[in-house]
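Here's the structure we're looking at; comments come further down.
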Amino acid sequence: MALQCGIVGLPNVGKSTLFNCLSNAKAQSANFPFCTIEPNVGVITVPDERLVKLEELVKPQRVVPTTVEIVDIAGLVKGASKGEGLGNKFLANIRETDAIIHVLRCFDDDNVTHVDGSIDPVRDKEIIDLELQFKDLETVEARLQKTEKAAKASKDQDAKKLVEVLYRYKEAFENGKSARTVELTEHEQKVTKDLYLLTNKPVMYVCNVDESSVVDGNQHVEAVREAVKDENAEILIIAAKTESEIAELETFEERQEFLEDMGLKESGVSKLIRSAYKLLNLQTYFTAGVKEVRAWTFHKGFCAPQAAGVIHTDFEKGFIRAEVIKYDTFVELGSELACKEAGKMSVEGKEYVVQDGDIMHFRFNV
Ligand SMILES: Nc1ncnc2c1ncn2[C@@H]1O[C@H](COP(=O)(O)OP(=O)(O)OP(=O)(O)O)[C@@H](O)[C@H]1O
Ligand SMILES: [Mg+2]
């Protein structure tokens with residue numbers, strides 16, 4: 001279930017720099033547009049304080065965190081949807097991701113070229129949005145051509161519904177709006193599921209700023225905030241270049257000191273990883289044995305057997321029940337045994353919807 005977040009933006013806005021801070025794989029970062037051509041994929045550990053706490057309490061032989069995949073995609077330019085600047089290839093890369101981290105250049109630096117000659121993140125965002133919308137319009141029109149006639153002639157309600165939604169999408173794109181602004185009922189979602197529209201993917205924005213703007217932002221960040229205020233999307237302010245320098249420091253203490261000097265408690269990329277995880281609609285449950293304390297990723301809304309299947313398919317097939325302790329209770333009482341004795345371990349069946357932070361023990365039979 002490896003879901004991916006793609007880092008998207010214009011060329012030279014700091015995507016690879018950000019990716020480098022995230023991953024140990026050093027993506028090539030340089031001051032010329034189109035430095036990245038093949039997408040770099042990083043499997044990135046999700047920082048989770050709960051895991052640290054559980055380690056203290058359980059003292060296991062090892063601790064295994066959960067991960068999220070992030071892909072550094074090449075910069076898109078105006079005309080990408082028409083194939084400009086290897087646009088089609090890069091758009092295909094975006095289509096393969098499950099969510100978008102849209103990086104916006106919010107730093108002034110005459111030494112770093114901007115493809116459009118000036119710093120204007122709102123304009124930049126619109127360029128990217130437009131290209132993605134153009135591509136989606138193409139997808140929608142192609143689908144209409146294929147299905148419209150047949151849908152009209154048939155009694156198939158799903159097909160009719162599909163055509164109706166396709167027209168709503170078309171109208172949105174023609175008005176410069178993204179697919180995610182079109183609200184759909186459950187049925188409508190079902191019939192349009194296989195469209196895989198680019199502008200339907202969840203999005204968050206990263207304002208890439210200079211070191212001095214990292215706490216309070218700057219006028220570019222303000223402009224972005226204003227421009228996306230109706231999107232209900234998260235905005236993170238990160239000084240990617242500075243963070244990439246911090247990432248080079250040897251020890252955790254050195255890195256922490258540097259961050260504190262900047263006025264930060266934790267690195268921007270740490271926040272970013274957690275936000276990416278949330279954007280993908282992922283949550284974590286734990287297993288906490290003396291051999292191993294481990295974080296597991298599941299989709300929000302998974303029932304216990306599905307969540308068990310993340311560990312092993314046998315766990316799902318032979319699922320009998322799950323024993324669940326809430327994280328806060330575990331920390332409060334200090335051990336599984338104490339929770340059991342206090343009657344704080346619940347026994348749950350197939351219908352149980354697993355919650356973020358649950359400490360799980362699965363009973364199964366194969
Ligand atoms: N916050 C920042 N302040 C100043 N310079 C920065 C900042 N972030 C990145 N840079 C610089 O901008 C240049 C471009 O960065 P990077 O290669 O990461 O861009 P990119 O978005 O990956 O570009 P491409 O689309 O061409 O792959 C590099 O020289 C990098 O050091
Ligand atoms: Mg790059």
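Every residue, even glycine, has its Cβ placed from backbone N, Cα and C.
When other Cβ atoms within 10 Å of the Cβ of V13 (ATP binding site) are tallied across all protein chains shown, the result is 29. Annotation source TrEMBL lists ATP binding site at N12, V13, G14, K15, S16, T17.
According to TrEMBL, the feature coiled coil maps to 130-157. Outside the coiled coil (130-157) by six or more residues, the chain places 76, 78-82, 87, 91, 94, 163, 166-167, 169-170, 173-174, 176-179, 195-200 with a CB less than 8 A from a CB of the stretch.
Over the domain 'OBG-type G' (3-258), the average per-residue pLDDT in this prediction is 89. Among the features that TrEMBL reports, domain 'OBG-type G' is placed at 3-258.
Sequence annotations record features per position, and here TrEMBL assigns domain 'TGS' to 281-364.
When the binding-site residues N12, V13, G14, K15, S16, T17 are checked against ligand 2, K15, S16 have a Cβ within less than 6 Å of one of its atoms. Of the listed binding-site residues, namely G14, K15, the sparsest Cβ surroundings within 10 Å are found at G14. Every protein chain shown contributes to the tally, and the Cβ of N12 (ATP binding site) ends up with 21 other Cβ atoms within 10 Å. According to DSSP, the domain 'TGS' (281-364) comprises 26 helix, 33 strand, 25 coil.
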